[in-house]
Structures are given as structure tokens and as C-alpha cells.
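K.L.:
I have a structure here, written as C-alpha cells, and I will follow up with some questions on it.
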């Protein structure tokens, strides 16, 4: 049996684990009473109240070989993002058709075009990415599992939970050392997580390359952010370890307080900005008025180092993920055959929903076998994908031109495991599936690569009945891998 524990003992253990979480900053702002249902994680927060971040009581078994493959893949994905972002023709070809049917992409691409046409460029590029994977079982029903790793998506903007995931690993490490119920779980099988240091280290290195000691790091945030403590750990680590000040501002505040000096310096509230780090700006709801769009353009037109710059942001779109799955596309950017093959090994097949022969065939198959696919828009943040019979309804409802705003991906068949999830003190038991995220840092200056490495992990676990996997969106909980 896994986990090896009775429900009564689990209640006692959960109480101790929640106390540890509250004592060590494994917390989020408490939701309002109307926001307790899954999927309501973006509702109104109670700013003076906190609760523990949702978590699993035990680490979830995860193949050690697959974990190592994910770590090996990350520097290659970092390189792929940078190579794609430098190819203006590639980005333009991918985005022009998409921008005709997706207003949000149209606005982002307009900023990209403006910056490119004016030859505005900061030679220092900073990427703080997270590539997300799930285990895929390719064995027929009733046969032994045949597991491989498959990429869900590559996040190039606002890759969250690097701080809280580190605390999650620390919680499971603590329980493994202090609770008898963990005696069968060797400590060495819970991998050390360094994700708390990843983003501050990348921001600090970029700040140093900017070479202005009085400049600040600007974090672009969403008003009413429930996940503020994940962000605050970045702020405090920058201060404690690097003596760098981080200032939090919304896009609306940047519009009000920001300007560009003659030499291109971004000035916000009379402070020069060395690095702008986006934890907002990835969703249409982040731009309720023209003011927010003006702020985004202001940042892009400045010489501040952007994380991400607009090209990196666009490269993280589902459309480019789908195009990279086409024959020869990965090889266009990754010249090492072994590295290109390793990247391809983690791709699920993806298809356009357009009038090409491939697109027409994919639409026909999805109408007949919708349970084999997931339909994805160009959106981040959780809760946006379409599954099962809803795919058929969406394809029948959407005009052909609007279908092109989506991509079709073959469904990852994740194996079920068992665990106990703890959300607001309540225990949820049953079958679960997990999603592994690997953080990466890329810093380059022209053709010189200063940093290219992986940097810690995030494991998110959800009930097997849930299609979506976002923690902030209310679907999943934090977890740690137990390498087997």
C-alpha cells in the first residue's frame, strides 16, 4: 500500500505538516469563501490572511531515469528558445497567420514588430524557463507499463512556484527524517531541490551584467496576487544574498510612473531599472486597458534587460510548440543530431487546426476520436484547454478561421498513482497523476553564453479525474518526486 498509513494517522501527520508549512513560508493568501471550488484560484484574496499552499502528504513515486532525462533536456530547451527568438523570419511566419484570429497574439506581435522595426535591442538576454512534462504510458490496457517522458508545454514567461516547490521538497525531507510513517522512504530518494536559488541567481547575474550599481530589479505583478509569497522569496533572496533591491509594480503602475531617458534607460518612480522580470503579462486579463499595453511597449523599447523579452514570450506559444514538432524544424535550430533527437523523443504529436492536409486530417480524426486529444489555445495560467467530447463541440461550433487559434495535441496517457492531498487542512485521498517541471536559466550577450543550466524542479499532482494542472488556478497541489 502506498502511502503506508491509515486515515486517522494521516490526519495527525497532516496537522504537523501544515504547521511546518505555515512556519516556513509554504503559504499563499487565503481565498475568499466563494473561491473554494477547484478552478477558482484567480478569485478575490483576503490580503491579511494566509493558508498553507496545497500539498501531498507523501512524495509521489517517479522514475529516476525519467527525472534525469528531464534535467538533461533543460539546457537544450534553453538553447532552442534562444535560437528561435533570434530568427525574425521564423517568428514572423509563425505569428502572422495566428495574429489574424487571436487578438491577444495580434497585440503581442505588434509590439514585437515595433521593436524589431526600430532596431531596438538589448544584447543581454535573460531566460528563466520551466519545461513541464508528464509520464506517458504507451502500453495497451492490461499490459505492463511502458513509461516515457512527454512535454506538456514550455513556459518562457512567469514560470512560477520556484520558491514554494523548494519548500515543498524541504517539507518532505523533514517528514522523512522525523516521522515513523516515512521510515520506508530513504531520504536519498527525495532529490535535493535548488529551485529557490534558480531565479534569484539568474536575475542577479543579469543585474551584474547591466553594470549599474544603483539600478533595481522590477517585478511586474498582477494586482491581488494570491501567490505573492512565492514571489517574495525571490525578492528576499536577492536582497540577502546579492544586496539587490527588487520593486514590485503592476503594468498600470508602470504606465503611471515609468519613462525612458534619452540613452534608453527605463525609469520607474525615479529609479533606473536594470532587469524587468514578468510575473504578469501572459494573459489577456493582464491588459484591461490601453495603459497596460503602453506599459508593456515602454518596457520593450527600453534598454532594461527583459525576462522575457517579447521574442522569448512569443516563442513560448503553443503554436510554435506545434510547429517545432514538424519534420526538420528542431534541426533548423539545434545542429547536434543527438540533442535534436533527445528533444524530439519528448514531443507528443501536435497538429495545426487549419486547411492544410495535415490540419484537415487532424480535425477529422479529432471529431471521430476526441478522447485521444487535447485542444490548446495560445493561453497560459491553467484552465484553458479543451478535452474529450468538448473538443467535438468546439470544432463544430468554431468557424474554420477561428480554429487556427488552437493546436491539437495527442493526449498524454499518464499512469495513476495513489497519494493523499492536503488543501486548507482537508485530506483528499485517491488516484493521482503528476506533472514534473524543470527550471532553466539562460543568459547570453550577443554570441557569448554566460549561463545555460537547469535549476531545480517542481512536481504538481492532481486528482486523476482532473484534466487541468495549475496550482494557482486551484486544480493541483505541490509535491516532491520519490525516485524509484
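Please read every residue number as a count from 1 along the shown chain.
Placed from the backbone N, Cα and C atoms, the Cβ positions cover glycine too.
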K.L.:
Per TrEMBL, which one of 380, 402, 410 shares the Mg(2+) site with 153, 155?
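P.N.:
Between 380, 402, 410, TrEMBL records just one in the Mg(2+) site with 153, 155, namely 380.
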K.L.:
List the Cα distance (Å, whole number) between residue 460 (substrate binding site) and residue 377 (ATP binding site).
P.N.:
21
K.L.:
Which ones in the same chain are close to residue 380 (ATP binding site), with CB under 8 Å and 6+ residues apart in sequence?
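P.N.:
Looking at Cβ-Cβ distances below 8 Å from residue 380 (ATP binding site), excluding near sequence neighbours, one finds 155, 157, 158, 282, 283, 316.
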K.L.:
Identify, in sequence order, the residues in the chain of residue 411 (ATP binding site) that are 6 or more apart from it along the sequence and have a CB within less than 8 Å of its CB; answer 'none' if there are none.
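P.N.:
The answer is 348, 371, 372, 373, 374, 387.
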K.L.:
What three-state class does DSSP give residue 462 (ATP binding site)?
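P.N.:
Where residue 462 (ATP binding site) sits, the three-state DSSP reduction gives strand.
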K.L.:
Centre the Cβ atoms of 153, 155, 380, go out 8 Å, and tell me which other residues of that chain have a Cβ in range of the Mg(2+) site.
P.N.:
130, 132, 154, 156, 157, 159, 282, 316
K.L.:
If you run the three-state DSSP split on residue 380 (ATP binding site), which class comes out?
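P.N.:
DSSP assigns residue 380 (ATP binding site) to coil.
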K.L.:
Could you pull the average pLDDT for the domain 'Glutathione synthase substrate-binding' (215-315)?
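P.N.:
So the average pLDDT across the domain 'Glutathione synthase substrate-binding' (215-315) works out to 98.
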